[in-house]
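Asker: My structure is below; once you've seen it, I'll send some questions.
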Amino acid sequence: MFRLEKIYRFKNSSGSIMLSFWLSHVHSKPTQITNENFNMQTYGAEHDKSLGIPGEDLENILSARRFVGWYNGQPGDENLNPDLSTDTVAVLGQGNVALDVARVLLAPIDYLKSTDITAHALEALSKSQVKRVMLIGRRGPVQAAFTIKELREMLKMEGCKSVFQQDDFKGVQEFLPSVARPRKRLTELLAQAALDPKAEWLEAWKTAERSFEPIFYRSPAAFLPSSSKAGTVGAIKLAVTELHGEMSETQGVKNTGAFEDVKCGLVLRSIGYKGLPADPDIPFDSKSGVVINSKGKVKGLPGVYCGGWLGTGPVGVIVNTMGNAFELGRLIEGDIKDGTINATTARPGYMEAAKILDNKGVQTVSFKDWEKIDQEEQNRGKAIDKPREKIISVSEMLKVAAN
Ligand code: NAP
């Protein structure tokens with residue numbers, strides 16, 4: 001997990017041998033595949049979606065993606081400085097990213113100290129005034145986008161109670177027998193937490209000082225300014241929604257025409273990620289943020305492939321992305337075997353790229369170099385009883401790599 005996370009962090013840096021480097025320094029165009037037998041676009045979905053509603057430019061409305069970057073050590077997000085002086089945070093969206101940020105905001109500081117969270121986030125969270133995190137979704141419990149493992153961890157978090165509106169669960173239990181796993185197990189757990197919590201949860205929730213509050217059937221309509229802190233968000237105007245059609249995971253949503261305002265001092269927008277185009281020659285669907293492809297083959301560009309969230313959209317957990325990578329590998333193997341890709345001539349590939357980078361005086365990071373950084377982070381962590389202390393500055397990473 002650490003390795004994947006670390007590689008992810010490298011991807012954006014100007015000092016890596018990963019794709020961003022490749023695109024900007026090695027090829028004038030990523031579609032130019034003269035030095036390779038084929039080209040694979042796998043740079044993920046780095047952008048996040050916005051809501052496009054009034055007031056979205058108020059202060060203290062942040063993207064959950066950047067908040068995750070802030071506590072995870074993504075270079076560039078270290079100065080995010082989320083305002084944690086408020087007691088109420090609204091997280092918009094009900095996916096795993098939303099649940100992840102809620103967990104970090106609500107977790108006991110002693111627990112966070114034992115993780116590899118960044119030092120600056122730990123410092124800020126140790127002074128946090130946040131007591132209540134609302135997780136606001138436009139649809140119902142049957143359509144929640146988070147997964148059961150993450151919910152389970154939230155429900156048993158020390159010092160935090162879960163608060164549900166029982167009315168949101170009307171008809172859910174009757175619907176359960178017709179639902180397939182894993183949705184069935186997730187919905188059962190949600191319904192249990194809302195309608196019939198385990199005795200051990202209730203006991204723990206009695207003394208909890210913080211609360212996790214999933215709110216269903218509410219869609220953000222506007223952000224309202226704070227009356228006490230000029231220029232910052234003070235509340236969200238929520239449209240009350242209802243679902244149409246038969247109860248199902250994919251039910252559509254519409255506004256009822258009713259609205260309500262909820263107060264909050266910080267908003268984390270967590271409504272999904274979006275990929276960006278790297279080259280105008282690569283067919284790209286700007287609406288969904290994916291390269292237009294058929295099972296990984298980029299449309300109209302033989303020898304160019306795409307994979308991961310750039311090809312599938314930002315869906316699925318790590319195991320799904322791994323499955324996608326294996327499929328892509330098999331696809332390319334098949335294309336080599338049947339001659340779709342000309343692999344009979346050896347091409348310089350990475351060696352040529354390394355030469356170009358070297359001539360430009362750009363420091364590259366080999367896997368061995370990366371291991372040095374990894375080890376240094378672990379050493380720094382050991383000294384303060386953490387699994388690792390992350391290096392945030394890219395220039396510092398490069399210095400360690402060069403040693
Ligand atoms: P996600 O799972 O797609 O969830 C997005 C959420 O935002 C949904 O609740 C969605 O509601 C809502 N939403 C989207 N557009 C909206 C709008 N205009 N107004 C109001 N709500 C809106 O996205 P994510 O949380 O960013 O996660 C991305 C992927 O990474 C997921 O597959 C997730 O499981 C995975 N991930 C996994 C982990 C983990 O394994 N721990 C951690 C992080 C992320 P609707 O359903 O109504 O559209």
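Including glycine, each Cβ sits where the backbone N, Cα and C put it.
TrEMBL lists these features:
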type	residues	note
BINDING	GLN94, GLY95, ASN96, VAL97, ARG138, ARG139, GLU150, GLY316	NADP(+) binding site
BINDING	TRP309, GLY316, VAL317, ILE318	FAD binding site
Asker: How many Å separate the Cα atoms of ASN96 (NADP(+) binding site) and TRP309 (FAD binding site)?
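Answerer: Spelling it out, the Cα of ASN96 (NADP(+) binding site) and the Cα of TRP309 (FAD binding site) are 15 Å apart.
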Asker: Could you name the residues, excluding TRP309, GLY316, VAL317, ILE318, of the same chain that surround the FAD site, i.e. Cβ within 8 Å of the Cβ centre of those residues, in sequence order?
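Answerer: Output for this site, in sequence order: VAL315, VAL319, ASN320, THR321.
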Asker: Determine, from DSSP, whether VAL97 (NADP(+) binding site) sits in helix, strand or coil.
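Answerer: Looking at the DSSP assignment, VAL97 (NADP(+) binding site) belongs to a helix.
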Asker: Sort out the sequence-distant neighbours of VAL97 (NADP(+) binding site) for me: same chain, 6+ apart, CB within less than 8 Å of its CB, listed by position.
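Answerer: In sequence order, ALA64, ARG65, VAL68, SER270, TYR273 meet the Cβ cut-off.
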Asker: Among the binding-site residues listed here, GLN94, ASN96, which has the most company in the form of other Cβ atoms within 10 Å of its Cβ?
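Answerer: The most densely surrounded of these binding-site residues is GLN94.
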Asker: Using C-alpha atoms only, work out the spacing between GLU150 (NADP(+) binding site) and TRP309 (FAD binding site) and round it to an integer in Å.
Answerer: 21
Asker: Give the distance between the Cα atoms of TRP309 (FAD binding site) and GLY95 (NADP(+) binding site), rounded to the nearest whole Å.
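Answerer: On Cα coordinates alone, these residues lie 16 Å apart.
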Asker: Just give me the nearest neighbour of ILE318 (FAD binding site) among the binding-site residues GLN94, GLY95, ARG138, ARG139, Cα to Cα.
Answerer: GLY95
Asker: So which binding-site residues out of GLN94, ARG139, TRP309 are up against ligand 1, CB under 6 A?
Answerer: GLN94, ARG139
